[in-house]
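*Asks:* Just passing along the structure, written as structure tokens.
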């Protein structure tokens, strides 16, 4: 790819995201989503590998279908109510269509099948964008229409996402697929609280973005695409590997790390809304995700593989430390003491 193309594509991503999150009109929001889709496709397929081209094709087809559904939903609502305002989504059919469209864009169960495959075919930093930045505009549309959405439908999709995200990640050895199923599982936590506390859903997404970005950047630095490469990278980056373990445990939601905060607040809010069974169910389902986080964390800290590995050991080289990785790693581990202040704001 031409080196001048990447900044243009990144600026287009920023433009598309800004248009969608700042618009009140459905057509403008749809335009922003389309700009985002067209800007990310060259970044997915830039390696010219057949798997990358396949991933870009799958991404384009699913996002095109979802965008068409968004447009159809808004047109149906405008036909019935005369309103193009995003917050005035009052027609029941439009609400159902929009929920399906955004679920496809986010990768919520049962529309999750494309997401792990696309992430597996993308470079690590593009996978980071797909897991974080690309989810922000559709999530913003859900937040703006949260008062019109069906709580029972979202709760069902959320519990299914938490279950399948944990269950399907159990047998994975590719780091990108593990993080894809981790993303699906976290989206379940966001979706279950979205109708009852939109601010808390947004906070959960922000913290998820910080933690996932830190993990992706750490994996990119040690060039770990699968568990075997994580297993043999301790000789090259011993400190980063130890930090990676803490970041993964934070992503799993273990106290006293940052990831515990959103889960704690969500369970508390669900209990206040008299949804104790749903809170118990999603808390139990998060144990599935905990298993594969623990397995990856164990691989990142082990200093002697239990059997001979096919990968050569990577020896230490004195490269300058990455400041963004260090900042994100610190935030993804140490934010739990701010919980009282965050709870007061939410």
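Note: Cβ is positioned from N, Cα and C throughout, glycine not excepted.
Okay, so Swiss-Prot annotates it like this:
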type: TRANSMEM; residues: 1-21; note: transmembrane segment
type: TRANSMEM; residues: 25-45; note: transmembrane segment
type: TRANSMEM; residues: 60-80; note: transmembrane segment
type: TRANSMEM; residues: 95-115; note: transmembrane segment
type: TRANSMEM; residues: 124-144; note: transmembrane segment
type: TRANSMEM; residues: 149-169; note: transmembrane segment
type: TRANSMEM; residues: 178-195; note: transmembrane segment
type: TRANSMEM; residues: 200-219; note: transmembrane segment
type: TRANSMEM; residues: 242-262; note: transmembrane segment
type: TRANSMEM; residues: 274-294; note: transmembrane segment
type: TRANSMEM; residues: 326-346; note: transmembrane segment
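Let's see these features in context: how buried, what's close, how far.
*Replies:* Proximity of distant same-chain residues to the transmembrane segment (60-80), defined by a Cβ-Cβ separation under 8 Å and at least 6 residues beyond the stretch ends, is recorded for 26-27, 29-30, 33-34, 37, 41, 88-91, 93-95, 97-98, 100-102, 104-105, 111, 114, 141.
Taking Cβ pairs closer than 8 Å, the transmembrane segment (95-115) reaches residues 33, 58-59, 62-63, 65-67, 69-70, 72-74, 76, 89, 130, 135, 138-139, 141-142, 145, 148-150, 153-154, 157-158, 160-161, 163-165, 180, 183-184, 187-188, 191 in its own chain, all 6 or more past its ends.
Counting same-chain residues at least six beyond the ends of the transmembrane segment (178-195), those with a Cβ under 8 angstroms from any Cβ of the stretch are 106-109, 112, 115-116, 119-120, 127, 131, 135, 139, 142-143, 146-147, 149, 151, 154-155, 157-166, 168-169, 172, 201, 204-205, 208, 212, 215-216, 251, 262-263, 266, 269-270, 278, 282, 285-286, 288-289, 292-293, 296.
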*Asks:* Quick one: do the transmembrane segment (124-144) and the transmembrane segment (1-21) reach 3+ CB pairs under 8 Å, ignoring pairs fewer than 6 apart in sequence?
*Replies:* yes
*Asks:* Taking contact to mean 3 or more CB pairs closer than 8 A (sequence separation of 6 or more), are the transmembrane segment (274-294) and the transmembrane segment (149-169) in contact?
*Replies:* yes
*Asks:* Cβ under 8 Å, sequence separation of at least 6 from the ends of the transmembrane segment (242-262): give me the contacting residues as numbers and ranges.
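*Replies:* Residues 182, 189, 200, 203-204, 207-208, 210-212, 214-215, 218-219, 222, 230, 286, 289-290, 293-294, 296-297, 300-301, 329, 331-336, 338-339, 342 contact the transmembrane segment (242-262) from elsewhere in the chain.
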*Asks:* Which residues of the chain, 6 or more past the ends of the transmembrane segment (326-346), have a CB below 8 A from one of its CBs?
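*Replies:* Residues 197, 199-200, 203, 207, 210-211, 213-215, 217-218, 243, 246-247, 250-251, 255-261, 264-265.
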*Asks:* Can you name the far-off residues of the same chain, 6+ from the ends of the transmembrane segment (25-45), with a Cβ under 8 Å from a Cβ of it?
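*Replies:* Contacts with the transmembrane segment (25-45): 1, 5-6, 9-10, 12-13, 15-19, 52-53, 55-56, 59-60, 63-64, 67, 70-71, 74, 77-78, 84-86, 105, 118, 121-123, 126, 129-130, 134, 137-138, 141.
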